[in-house]
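Notes for the one structure printed next.
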Amino acid sequence: MAVAGCTKCIKYMLFFFNFIFWLAGGVILGVALWLRHDSQTSNLLILQFEGQQAPSTFYISVYILIAVGAVMMLVGFLGCYGAIQESQCLLGTFFFFLVILFACEVAAAIWGFMNRDTMSKELINFYDAAYIKAVDVTGSPSKDAAIGVLGAFHTTLNCCGKGDDTPLFMQVRSTLCPSGILSAPKPKSCHSELVALFSEKLHLIGLAALVVAVIMIFEMIFTMVLCCGIRNSPGVY
């Protein structure tokens, strides 16, 4: 082994952090796949109404998370192997990919912050469009489709209406909302449930991103220190 002393300690610390990084990549990949196939979001985002698909902005962040998790596992393995082999080439490549991954994560975090309210608002607008058609007394051709869309929302989110419901909706809500929901003293608003649903999912994504960012910063520091130690080691010319 070329390194010794404190640098050797850094080497094993880097290996440990890379192993944690590799495990974190697997966890993030698993969480992202769960978010992609979660029944609540999937049941809503597959809906169609008047030829339009339900807004799927949420899936963009999920697909980014899937890609990040897969790349993290690959990069983590590269870092572990480079640390054990004390290879400046592998460590340099690992550091390069780490910086790229960190930059992508920062960009994704900025995009997510800017669009944090967009996901729920898009689905609320989609719900409201179906809501208007479902209570239309003129017998709109798309009324049956609108009733089906509202039924999916009400069943999935265990809610009924949008909170400030019209008299027309109150007259027909027994046909639009499951009886179990109507038996509650005050049925939950679908607007508030949609906001809560995506807030919960985005908080989970944000927490995972924060943990990964902290691990990345430590890894970049340890990688630079180890590379310098290997370069300055007596056994390296």
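Glycine residues also receive a Cβ, built from the backbone N, Cα and C atoms like all the rest.
Unlike curated records, TrEMBL annotations are generated automatically.
Note that this is a predicted model, so its numbers are computed, not measured.
Per TrEMBL, the feature disulfide bond maps to Cys159-Cys190, Cys160-Cys177. Among the features that TrEMBL reports, transmembrane segment is placed at 12-36, 56-78, 90-114, 204-230.
Most Cβ neighbours within 10 Å, among the disulfide-bonded residues Cys159, Cys160: Cys160 holds that distinction in the structure as shown. Here the C-alpha separation of Cys159 (disulfide bond) and Cys177 (disulfide bond) works out to 8 Å. For Cys177 (disulfide bond), the same-chain residues that are 6 or more apart in sequence and have a Cβ closer than 8 Å to its Cβ are His154, Cys160, Gly161, Pro187. Take the CB of Cys190 (disulfide bond) and look out to 10 A: across all protein chains shown you find 25 other CB atoms. For the transmembrane segment (56-78), same-chain residues at least 6 beyond its ends with a Cβ under 8 Å from one of its own Cβ atoms are 18-19, 21-33, 35-36, 41, 45, 90, 93-94, 97-98, 101, 104-105, 108, 111-112, 115, 118-119, 122, 198, 201-202, 205, 208, 212.
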